[in-house]
């Protein structure tokens, strides 16, 4: 390939809109611009002056895919600002709600967005039911997604913008019969998930990135909701300290800002978490995936797909255990006082670390809020990965279509979410 | 080959929550719909996109730029029926929050609006094109959506037999 100007305006099978422009001259990669082309909806401006208790349901609307992650992270930040401690039952239910999200969201990404690439098909809708393998994955896609979706509905009232999850607790508690049925659904999909893990382990591609720092919020039970920030450099730090080291990078051609951590390109998400905490997965999961977790830590960004598949199994096993421990006691949400303060909320959303920092006045109104989403943090790494791939493989790329497909698979491996990434303007501490 | 309903699903400025609800509805309805519906364009599920002679176009999200407005009008011209789906498409909110900003907030976002050629105001779908039906809710109401799909299958003579 000698000279080429590629303008890939709509990358398909991702959440939201992204594009990529490439300039090749005399067989050399001269320029790569990955940009988030989702128009902003200005949530960090819109939340100012709003009542703090209304915030979680409002910012859940930043993203339909990651909605319940925004809800849980915003609730954590609000409770931190107001000094509210939720009950142990509430904590357990929030973990269940989040496991439902992890299962559904990773399953959507792996089965619907990524798997067609490995079958050289455009869409899962094109899978051939007369082909036993394609038929198997087609059935599994809807079965596994449904198991996560139903868990979210049973606990939160809906798997998107869960209406029952609130500051201080849950406004309605789950029906034990529905939870029992959800448990059956969860245990019934283990085989489908281990098949998916094996398929990604055996068939996925390779793109080794030597310069990435991996980062994630880790606790001893791999809960996604609590812990400290661990990094592949060996550094462990508080959630607050993590925020202080984020370096905001304006990317003029992208609707969204990028981030570096103390000057380094870093990656958040399932691959980072597996690299940092594979020993903290549920014991039953570890027993089932011994062969596969040996490859972590990995610098192959495509292993984000395998890591997500393993996390689905972890979420199923963890949720099943929690359901067995759950004895629903009637309780109402803790009443939150209105007071001035600063609240911090950090969780692991399916795609990586999600960070909320809120400043509240004495009437409980939001003065300012900062939100850092996983895709903002991964954006610079996505562009760098595309550039590295093209630079190393330019002689092997057959044509424009081949290049487009390769770029799309790299972007999909990061599982970016543009709806999340594009909503804020500027990260500045209060 | 049996007649199928030619459908497009298009997302503009929104959280794409109704897209997620749609992908979850597929869990229960895929086997039925694969014989009844021809998905001509749905970017979240396929690269292939054909915006021509559609029976029904589902529009999610509000319209925030002239580029989006132009695309919406193209979809309208190429669709027999157009359905606004979810709160942002139907009433504009919450994506049109910036329409309510005061002068201070408007100044804060002005540079971005100019750089990426945003429209002066965010608009709901019916402000720009004729809307045949709506599916309200944030995210969309599943029952209303399913009833509409069934209505259009019947209206366009797509048989379940």
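Each position is counted from 1, following the chain as shown.
Heads up, the Cβ atoms here are built off N, Cα and C, so glycines get one too.
Quick look at what TrEMBL annotates:
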- A:63, A:66, A:417: Ni(2+) binding site (BINDING)
- A:66, A:420: Fe cation binding site (BINDING)
- A:371, A:423: Mg(2+) binding site (BINDING)
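Annotated features, which come from TrEMBL, shown on the structure.
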{"residue": "A:63", "record": "Ni(2+) binding site", "CB count, 10 Å": "32"}
{"residue": "A:66", "record": "Ni(2+) binding site", "CB count, 10 Å": "27"}
{"residue": "A:371", "record": "Mg(2+) binding site", "CB count, 10 Å": "24"}
{"residue": "A:417", "record": "Ni(2+) binding site", "CB count, 10 Å": "32"}
{"residue": "A:420", "record": "Fe cation binding site", "CB count, 10 Å": "32"}
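Residue A:417 (Ni(2+) binding site) sits 14 Å from residue A:371 (Mg(2+) binding site), taking the CA atoms of both as reference points. Residue A:371 (Mg(2+) binding site) carries a strand DSSP state (E or B). Taking CA atoms as the reference points, residue A:420 (Fe cation binding site) and residue A:63 (Ni(2+) binding site) are 6 Å apart.
Cα separation, residue A:371 (Mg(2+) binding site) to residue A:63 (Ni(2+) binding site), rounded: 13 Å.
In the three-state DSSP scheme, residue A:417 (Ni(2+) binding site) falls into the strand class. DSSP gives residue A:66 (Ni(2+) binding site) a coil state; it is part of no helix or strand.
With an 8 Å limit on C-beta distances, the binding-site residues from A:63, A:66, A:371, A:417 that reach chain B are A:63.
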